[in-house]
Amino acid sequence: MSKRVYEIAKELDLDTKEVIGRLNAAGIEVKNHFATVEDPDYERVFGGGNGRSEAGEERGRKGRQKKRRRVVIDASATNRGPRAAAPSRPSRGRGAAREEAPAAEEREAPEVVRVEPGATVRDLGEALGVPPTRIIQILMGLGEMKTVTQTLSTEEIELVAEELGRRVEVGALEEPAPEEIGPEDSPEDLVEKPPVITVMGHVDHGKTSLLDRIRRTNVVSGEAGGITQHIGAYQVEHEGRRITFIDTPGHEAFTEMRARGARVTDIVVLVVAADDGVMPQTEEAIEHARAAGVPIVVAINKIDVPNANPDRVMGELAERGLTPEQWGGETVTVPVSAKTGEGIEDLLENILVVAELEELRANPKAPASGYVIESRLDPGRGPVATLLLNRGTLHRGDVVLAGTAYGRVRAMFDYTGQRIKEAGPGTPVEILGLSGVPEAGTRFEVAENERAARSRAQQAEERLRRQELAASGPRRTTLEELLGEGGAEELNLVVKADVAGSVEALKEALAKLSTDEVRVNVVRSGVGAVTDSDIMLASASGGIVIGFNVRPTNTAKQVAEREGVEIRTYDVIYKVIEEIEAAMKGMLAPETAERETATAEVRATFRVPNVGTVAGCYVTSGEIRRNNRVRVVRDGTVVYDGQIASLKRFKDDVRTVREGFECGVGIENFNDVKEGDVLEFYEVVEIPR
């Protein structure tokens, strides 16, 4: 195993120039930081501790002292160039010089500049305050040829900074916090808002059926596989008051979507089947609700089935800290039947009671803000986003900013599809007019004007672009680095879906498929049809394209055929997971196993000139094949394992010898075969995984 010079320097806390100097002094020629050093050479030069000199120790101590005083500067706020040196003051004597020494040392402490992964040569130059040409010169000295627009790896960024005597941290820059919208709300401006309810629970426990009964609409029949594929927000009225429901999918593949739902909700309705009890996703939903700090109302569903046992369910809930009110606890528990409608009115009544206790209020006079619940690209209407308002009132014509998407609200629809002009807190609305499809779960707010919204959206897009470049760029450029990964394979995927919620669910599910041997890497994901750009990225990364409820464009099909890129389309998420697992098994190197083909006894040995020792054998079982391997066993111990050099019957070369026949066997590179030895013949077969 070998190490690179910069890895040795980092491991021993030495300067890379010192490492290069020591290696060259020991007669090991290395030219730059990327040069490799074999283990024997490493042990010879640096063995017996870290091999640091006293000067190196002193420099390390000083470096650690300076490290304590580091100042972190974002690349976006760094100075345009190197600081001007402060004019030195005349010394007033030795004592004065000694007093000023610590201050001088403090000034020497290098500032730490934070640089984003995937930064280009130009970006790094701007961050460090040096011309890009200087960066290129340093890289050329390291044996790397780069242009100003090419991205740099983390190692390259760190090495360039070290050459310049600067310190960098490579990591995503913090996204600017959303601007505060006005002063703190005054109590007289606060009004009661509809409670936002998230329905959670185990798959097939009847969440969507329960909402269907409440809404009097049929959602289940429209979902592929009968399972909710993305989040929808709806409102119902009960006793003149509105309640907003969010339906989160229940399968474990949708963990991330459920967690997002819990963040924007006021109350969680936990659906548990009376005949099934608490299941893994039920416990997961409880954890999400507790993490979000929201109250839980339990709906024990399917009380109409013959083997329903609500008391057992209550006992299981009590074991998990949700003691029902009927048992003297604080958890509201309502037995219901989505099929017959029993208990539905009682459930809605209890939800409103809990909402009153929570005192859910918001300021409708403030500029609107909230979260994107769902988004998609509609062929006829363009980007469509479902928003849930937490605060303020959204009007038609307002400029909305949501991550990388922005735009003026051209049209707004309520949960029934009716056009509306404004919407208040706790209300889900569907809007048109955005420049793109925002990610589900993104915070949105009303911007002052389109120019301000465009500027902030471009900043967010630039951050996203850098992250994509860092994720999909060529990370393994040399044969040594490829071999250094232990032969691990990588399955690169481009994921496209009809709605953002499905994209998130797919990414979450695919990430769980990664193993030590095969990594699943989503190089790009998005909403909308599969385009030629997606195909080219998949081709460049050696991956495939996954389309969920979307189809490739005609151009994309042509490009895919030309580039040899496979496009797979699905409408149920479980099919995606199953087929990707199968593809991963095909990528794994096949396992090997030995299969014994024959055994033979050595009854005599013959010395043949120019050939060596030949074993005269009697085949006791099986059939010897010329291409078999042979194992020599003496007194129960294997003394040699190798290839057959020759296989003869009398004086003729043969390809096989069956059981009960005699033959002569020559063994490659082995002449110590003796009478009485046992020869085991076998073949190595590959077992696909």
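Residue numbering: from 1, along the chain as shown.
For all residues, glycine too, the Cβ spot is worked out from N, Cα and C.
What Swiss-Prot lists as GTP binding site is 201-208, 247-251, 301-304. Counting every protein chain shown, 26 other Cβ atoms lie within 10 Å of the Cβ of LYS207 (GTP binding site).
What Swiss-Prot records for 61-70 is compositional bias 'Basic residues'.
What Swiss-Prot records for 80-94 is compositional bias 'Low complexity'.
The compositional bias 'Basic and acidic residues' annotation in Swiss-Prot covers 96-109.
The feature domain 'tr-type G' is assigned by Swiss-Prot to 192-361.
Annotation comment: Swiss-Prot describes 41-109 as region 'Disordered'.
This prediction places the mean pLDDT of the region 'G1' (201-208) at 75. Positions annotated as region 'G1' by Swiss-Prot: 201-208.
Here Swiss-Prot flags 226-230 as region 'G2'.
Per Swiss-Prot, the feature region 'G3' maps to 247-250.
Per Swiss-Prot, region 'G4' is recorded for 301-304.
Neighbour density for GLY201 (GTP binding site): within 10 A of its CB lie 28 other CB atoms from the protein chains shown. Here ILE303 (GTP binding site) comes close to ALA274, PRO310, PRO335, VAL336, SER337, GLU342, GLY343: these same-chain residues lie at least six apart in sequence, with C-beta atoms under 8 angstroms from its C-beta. Secondary structure of the region 'G4' (301-304) per DSSP, as helix, strand and coil residue counts: 0 helix, 1 strand, 3 coil. Secondary structure of the region 'G1' (201-208) per DSSP (helix as H, G, I; strand as E, B; remaining residues coil): 2 helix, 1 strand, 5 coil. Within 10 Å of the C-beta of ASP204 (GTP binding site) there are 16 other C-beta atoms, taking all protein chains into account.
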